[in-house]
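As annotated by TrEMBL, signal peptide applies to A:1-25. The domain 'EfeO-type cupredoxin-like' annotation in TrEMBL covers A:14-111. Here TrEMBL flags A:His64, A:Cys99, A:His102 as Cu cation binding site.
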Amino acid sequence: MRRRWPLLGALAIAMAVSGFLPLHAAGAAATVKVQIRNFAFSPKVLNVRAGTRVAWSNLDEEPHTVTSAGALFRSSAALDTGDGYAVTFSRPGTYAYYCSIHPMMVGTVVVK
Amino acid sequence: MNDHPEDAASGRRHFLKCMAWAGTGTLWLMKGGVLQARTLDRGAVGDPDASFSFVQISDSHIGFHKAPNMDVVGSLRASLALVDAQPRRPDFLIHTGDLTHLSRADEFDTLAGVMGEGRARQVFYVPGEHDVIGDNGAEFFRRFGQRQQPGGWYSFDHRGVHFVGLVNVLGLRAGGLGYLGAEQLAWLKKDLAPLSAETPVVVFAHMPLWPLYPQWGWGTDDSAQAMAYLRRFGSVSVLNGHIHQIQQKIEGTITFHTARSTAYPQPPPGVGPGPGPLKDVPPGRLHSYIGVREVRHVQGRQMLAITEEALP
């Protein structure tokens, strides 16, 4: 039995890397950061694996929001300077979002 | 258009100086069906020829507490003190939106409290995008709405002038500008229909109702349709806020104006990375710029003023 644990571990890592493991089995989800700065989301287009936690932080003097186009994920409240907001994307898809205060600010999270 | 001819260099300096003040409003005088603008100034004098006047204030941003203005409540109070100091009492005030910074209940409370201090005053409000965060404006309309239409827009007549308050900060779309929407446009068409072309019309809304600088969101996607309904009138004045500085444009019989903020200035179109607060106002100088300049008088069919105000 003792010798089989490393094998299971290796299998789990392989499954996590290939994206087959459900979120809870992969342990803590990876977090990818998006900065809100100078009235723009950076990076504007973010490619992540399913299960990734995307964390926005507002570095502007102006408040902003992270608002899902089409309400595909839960939108944020107003984010004042220094405020953050995070969403874990468990399903593959293309998630467009914008700032409801400054709608010319747009971004996309592509989940694979 | 400009009362104070200036050469290009001093014009730019003067322009920046004018941008670097806050804490006041615009006094509007109605003369022969044409609006004339004056910034509120301690030395303002009455105009016996005007049939009536009203004041526009805008962008109070209650809740903002950063450079260059740590006391936006104080600067709003200072604006209202200037209104009260006018020798002839304005008939009412129009607040063209962004009462608050974050649509918070305590911010609305503060704004309502300050507006209710001192003299009783009638105020007509339209929301800014900062007033409708998270609840599509429910709290704003509950407190400040005119309750004429479900969408919050409204009109009224005052001494022969037709006033229209529009809402262009709801239903915004990703990548878009301000938005009026089909329902509001249909209402506007119907609202204007019975009026004679001689009726002076004043339209007010938060975001500019012309493509002032779309790259920064300074415009309204479907404003052209609204203007199509207004073009037949002999005198139309469009009053907006949002950009925290004075810009003007004249298109035939329609004149467009934006107002200063009572809270903080923003940079001229395209200057700097974005339309955030203009922070490099010398310490202690913010209020000293109050009333530094009288706005040019706006009369009928003249050339665009905005070309003078755009930076070289």
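Heads up, the Cβ atoms here are built off N, Cα and C, so glycines get one too.
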Determine the minimum-neighbour residue: among A:His64, A:His102, listed as binding-site residues, which Cβ has the fewest other Cβ atoms within 10 angstroms?
A:His102
Let me know the model's mean pLDDT on the domain 'EfeO-type cupredoxin-like' (A:14-111).
88
Suppose we draw a 10 Å sphere around the Cβ of A:Cys99 (Cu cation binding site). How many other Cβ atoms does it contain, all chains included?
29
Near chain B, which of the binding-site residues A:His64, A:Cys99, A:His102 can you find when the cut-off is a Cβ distance under 8 Å?
A:His102
Within 8 Å of the centroid of the Cβ atoms of A:His64, A:Cys99, A:His102, which other residues of that chain place their own Cβ, given that this set defines the recorded Cu cation site?
A:Ile36, A:Phe39, A:Glu62, A:Pro63, A:Thr65, A:Tyr98, A:Ser100, A:Ile101, A:Pro103, A:Met105
